[in-house]
Each structure stands twice: as structure tokens, then as C-alpha cells.
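Peer 1: This is the structure I want to talk about, given as C-alpha cells.
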Amino acid sequence: MAKGDPKKPKGKMSAYAFFVQTCREEHKKKNPEVPVNFAEFSKKCSERWKTMSSKEKSKFDEMAKADKVRYDREMKDYGPAKGGKKKKDPNAPKRPPSGFFLFCSEFRPKIKSTNPGISIGDVAKKLGEMWNNLSDNEKQPYVTKAAKLKEKYEKDVADYKSKGKFDGAKGPAKVARKKVEEEEEEEEEEEEEEEEEEDE
């Protein structure tokens with residue numbers, strides 16, 4: 001069982017694990033009053049397993065295969081409920097950028113064009129250095145614009161909540177939404193890198 005999640009399926013067992021389990025059950029039946037010395041017991045099981053033929057092991061191999069099927073099926077059922085990364089509603093208002101992100105949006109393409117093949121991390125580092133070298137007056141236009149976008153975002157969120165969630169468009173719109181989501185995720189990856197640079 002996984003810690004903190006009692007609903008997570010029990011892990012799949014190997015053929016050897018089934019063999020050890022069987023040995024333990026046999027020991028309990030033959031010696032119900034004798035406690036198991038796990039170190040000694042494990043050693044005996046290991047030695048016995050090594051001397052067994054493939055035919056003798058086949059029963060445990062089959063048990064392991066059946067358990068893998070059980071595990072895969074349960075994990076498939078468990079997966080969607082687990083949640084993972086929550087799917088975004090494409091109609092939900094996108095969080096507004098900070099002044100630093102607006103600055104990054106303006107200068108990121110310039111850095112990429114002058115440094116072909118530069119990594120996201122290095123772009124973020126350069127942008128962070130450039131931002132930190134700006135005076136408060138130079139930063140002000142970006143900060144002011146960010147504040148206005150935040151006001152608009154808060155209004156849009158209120159409107160969005162009052163109207164309820166989207167009704168789920170079908171067909172080509174879904175494909176377009178997927179492309180937008182992928183582009184947004186790529187942008188967010190760059191923004192996360194840049195956010196780290198801003199905090200340094």
C-alpha cells in the first residue's frame with residue numbers, strides 16, 4: 001500500500017515473492033507456534049529457489065503474470081481518479097503575467113534570435129540579469145501594464161464563475177484547444193524558469 005493513499009492498488013508481486021509467501025504459509029502450518037526468523041528464513045528460501053527447476057518455478061511465474069494483469073487493470077482504473085495534473089478549461093481566464101513576465105515576453109524573442117540554440121535555462125538567466133539591471137523607472141511601464149492586466153483578470157474570473165464552466169465544444173475546436181494548451185504549457189515552462197531567475 002502506498003503511504004497516504006489507501007486506494008492505490010497493491011504493488012505487483014514477482015514469482016520469487018509468491019514463492020517466499022508460499023514458503024511462509026507452509027512454515028506456519030507446520031510450525032504454528034514457532035516464530036519466523038526472517039534473516040534465516042530468507043536465506044533458506046533463496047537457496048531453495050536457486051535449486052528449483054524451471055518447471056517447478058513455472059507455477060510461481062504464472063501467479064506473477066496473473067498478478068501483473070490484476071495490477072495493470074487496477075492501476076488503469078485508479079489512474080483517472082488519482083487526478084494527476086488537472087486538465088485546464090480552455091475558456092477559463094489565463095492568469096495575468098507579472099511585470100517581469102511582460103518584460104520577458106518582449107525580450108525573449110530577441111535573445112533567441114541573437115543566440116540560436118540557446119537553452120530555456122540560459123534564456124531565463126539572461127532575462128533575469130537584464131531585469132535586475134533595470135532601474136525602477138525602467139521597470140515601471142511593465143509593472144503598470146501588469147497591474148492593469150491583473151484588474152482585467154479579476155473581472156474576467158468573476159464573469160467566468162458567474163456564467164459557469166464551458167459546455168465543451170466538439171470537432172475542430174477541440175484540436176485548436178489542444179494546440180493552444182500545448183503552446184501555453186511550453187510558455188509556462190519558460191515562465192517557471194524565468195520566475196526562478198527573478199527570485200534569485
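One is the number of the first residue shown, and numbering goes on along the chain from there.
The backbone N, Cα and C atoms fix where each Cβ goes, glycine too.
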Peer 1: If you follow Swiss-Prot, the disulfide involving C45 connects it to which of the following: C23, C104?
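Peer 2: Among C23, C104, the record in Swiss-Prot lists C23 as the disulfide partner of C45.
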Peer 1: Once the DSSP letters are reduced so that anything not helix or strand counts as coil, what is S98 (phosphoserine)?
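Peer 2: Coil, per DSSP.
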